[in-house]
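Report on the structure given below.
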Amino acid sequence: MKQVTGTHSVKLDKFCLVAATAALLSLIFPLTGIDAETGKQIAFVGDIPGLAIAMALCVIVGAAFTWLGVGKIQYAAIILAVAVFGCWQAVTALYDHGLAGHATSGFWLFILSLWAFVWRGIDVVARYRSLETAKQQSANILVPIAFGIWLLFVWEVIVAGFGVPQVLLPAPSAIGVRFINSTDTLAADFYQTFIKAVISGYVIGCGSAFIVAIAVDRVPFLKRGLLPLGNMVSALPIIGVAPIMVMWFGFDWQSKAAVIVIMTFFPMLVNTVTGLNAAGKLEKDLMATYASGYWSTLLRLRLPAAMPFIFNALKINSTLALIGAIVAEFFGTPIVGMGFRISTEVGRMNVDMVWAEIALAALAGTAFYGAVAFAERKATSWHPSFRVRRH
Amino acid sequence: MTLKAVVNNVAKMPASTDAVVDIQKLSLTFQTADGPVYALSDVDLTIERGDFVSFIGPSGCGKTTLLRVIADLEKATGGDISINGVSAQEARENRAYGYVFQAPALLPWRTIERNVTLPLEIMEISKEERIRRGHEALKLVELNGFEKKFPWQLSGGMQQRASIARALSFDADLLLMDEPFGALDEIVRDHLNEQLLKLWARTNKTVAFVTHSIPEAVYLSSKIVVMSPRPGRIIDVIKTDFPKDRGLDIRETPEFLEVAHRVREGLRAGHSYDE
């Protein structure tokens, strides 16, 4: 945003105005509630110099940029730096100065001020355009990271500030501590659920669906007979199928892999069959003029043309597979596995462990999806959605 | 063409003429839900070795269909067709012709080089040989230096030239071209026409060329086949005798205008008959 130097209209930066006003009010309003025993307020702004400095800084910087506008990326860096300092002081005040569970309007106004700064700062970074790839890429990476950290901060502050019981929602810091202290258990669960069940189920499910898709494409009666049947199998509820698979294949990872095979088979089958028909008539005629045989045409034209569809199925299945494995473990497992851990720790009210497993599942699922998406980028870089100019 | 090739071809040929394409009483009827559509009816045509034959006519006159029958992409429902003395299907299986479509039809996941050498790959020719022939074909259409580019990095005219190089790469004697320059602008089109003529003069290939532009047909051809629609049939065959190394300037000569006039008259006659 550029400063407007008109005589009667100066355009103010609304977010910075909100930040400055909220910070100013936070200095005035009470920071905490009244202690039931002493009848006095637990803490004053004056008692916590770090927090007071952060609030004052927010007022000054907010006021300055209300007039200047946050047009430059350097300005955004300044307000984000102020916000980071503010967040640090807020957390310190919560845990070291007894605000946890007692925070009131003054504190929340300060959080509102930080929110306005972060919003404005990320907004500027998100709109940043540079011809230098390195700068552009760091800006692109910074946006989701900054946003993620901010969400974790808000979660932490709300849980601590309102004193939310841990059973309802543990703070991210508590989950992190639990995560780091239980890496052995988590690693064993990950190995059991992800490496053994998910990977094998995914490979068998997608691989067999791919082969069946080629057979379906080659043999017309299979297309009419097998596709509706596959549709029916995919519509089976996982909750109903999982215990049966456990009876068939035992408690170990094989039954989970079987559930994943059932879940992933149909999306892969349908997408591959559709993809095999994606090659245009013109290209098929072209192959006919070279008297290209069935396998030659399949390999050189139809499979490459089907790749975007196949990768679509692989991406869908990468998330389905993990869900399938975790849910299937609710119906009987050896005493290890992500689903097993979640179901038992919930029973013991160890909610932070449940959250640590959820975090692990989120990390593993994201990494899995990311790996498939990366392979897609490499394999179908010719596709219009990925084209990079290479002049 | 080498002497040996000529001898071979003559030996293969049952007829005494040097006909590459011989079509007699050919007809093609499509069965549709609205009743039969007579796409071609009673077509007689001979294309001699070294001819540049243009098919011209309004949309729906069956000129593309005729070319597709020659290429065995459509089956005739009546009459006879022979290419190099064998049936159209055998000719296709022998890879007797290179076909250039209206659109470049380059495969987007292959580089220009790998697109041009696609037919050689299907014919299971060794990699070194493929690369050598690919280079040669690209040189013929002046696209050398673009081997590693992808189709979408090239302009429309360059893409169409690449598709011509692909049709030339396996050195078939017959080139079938279906309005290859129809989607290009006038200047690029003139340039490609000149290049095509040079190529024809140099390689002595037989070319069958579908167009709906009268100047293009007259400029390029040694024989112009005028067609009319519903049912698609030939109404005139005009031979021209411009030298093989003609330049774009012949388009201003009286002979050129005379031939163009005759083509236009033929097209008009075909139309009045239809309405």
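A Cβ is built for glycine as well, from the same backbone N, Cα and C atoms used for every other residue.
Counting only same-chain residues 6+ beyond the ends of the transmembrane segment (A:12-31), those with a CB under 8 A from a CB of the stretch are 1, 41, 43-45, 48, 51-52, 55-56, 58-59, 61-70, 79, 93, 99, 103-107, 109-110, 112-114, 116-117, 119-120, 123. Look at TrEMBL and you will find A:12-31 (among others) tagged as transmembrane segment.
As annotated by TrEMBL, transmembrane segment applies to A:51-68 (among others).
The transmembrane segment annotation in TrEMBL covers A:75-95 (among others). Sequence-distant contacts of the transmembrane segment (A:75-95) (same chain, six or more residues past either end, CB-CB distance under 8 Å): 16, 19, 31, 43, 48, 50-51, 53-55, 57-58, 61, 65, 68-69, 103, 107, 110-111, 113-114, 117-118, 120-122, 124-125, 146, 153, 156-157, 160-161.
Residues 13, 15-16, 18-23, 25-26, 29, 31-32, 51, 54-55, 58, 61-62, 70, 73, 75-77, 79-80, 82-83, 86-87, 90, 93, 99, 139, 142-143, 146-147, 150, 154, 157, 161 of the same chain lie 6 or more positions beyond the ends of the transmembrane segment (A:107-126) yet place their CB under 8 Å from a CB of it. According to TrEMBL, the feature transmembrane segment maps to A:107-126 (among others).
Feature annotation from TrEMBL assigns transmembrane segment to A:138-162 (among others).
As annotated by TrEMBL, transmembrane segment applies to A:194-216 (among others).
Per TrEMBL, domain 'ABC transmembrane type-1' is recorded for A:210-378.
Long-range Cβ contacts of the transmembrane segment (A:228-251) within its own chain (Cβ-Cβ under 8 Å, at least 6 residues beyond either end) map to 257-259, 262-263, 265-267, 269-270, 324, 327-328, 330-334. Feature annotation from TrEMBL assigns transmembrane segment to A:228-251 (among others).
Residues annotated as transmembrane segment in TrEMBL: A:257-280 (among others). Counting residues 6+ beyond its ends, the transmembrane segment (A:257-280) has Cβ neighbours under 8 Å at 196-198, 200-202, 204-206, 208-210, 212-214, 216-217, 223, 227, 230-231, 233-234, 236, 238, 241-242, 245, 248-249, 298, 301-303, 305-310, 312-314, 316-317, 320-321, 323-325, 327-328 in the same chain.
Summarising the annotation, TrEMBL assigns transmembrane segment to A:320-342 (among others).
Per TrEMBL, transmembrane segment is recorded for A:354-375 (among others).
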Remote residues contacting the transmembrane segment (A:51-68) - C-beta distance under 8 A, at least 6 residues beyond either end: 3, 10, 12-13, 16-24, 26-27, 31, 45, 75, 78-79, 82, 85-86, 88-90, 92-93, 97, 110, 113-114, 116-117
For the transmembrane segment (A:320-342), sequence-distant contacts whose Cβ falls under 8 Å of one of its Cβ atoms, 6 or more beyond its ends: 185, 188-190, 192-194, 197-198, 201-202, 205, 238-239, 242-243, 245-246, 251-252, 255-256, 259-260, 263-264, 267, 353-354, 357-358, 360-361, 364-365, 368
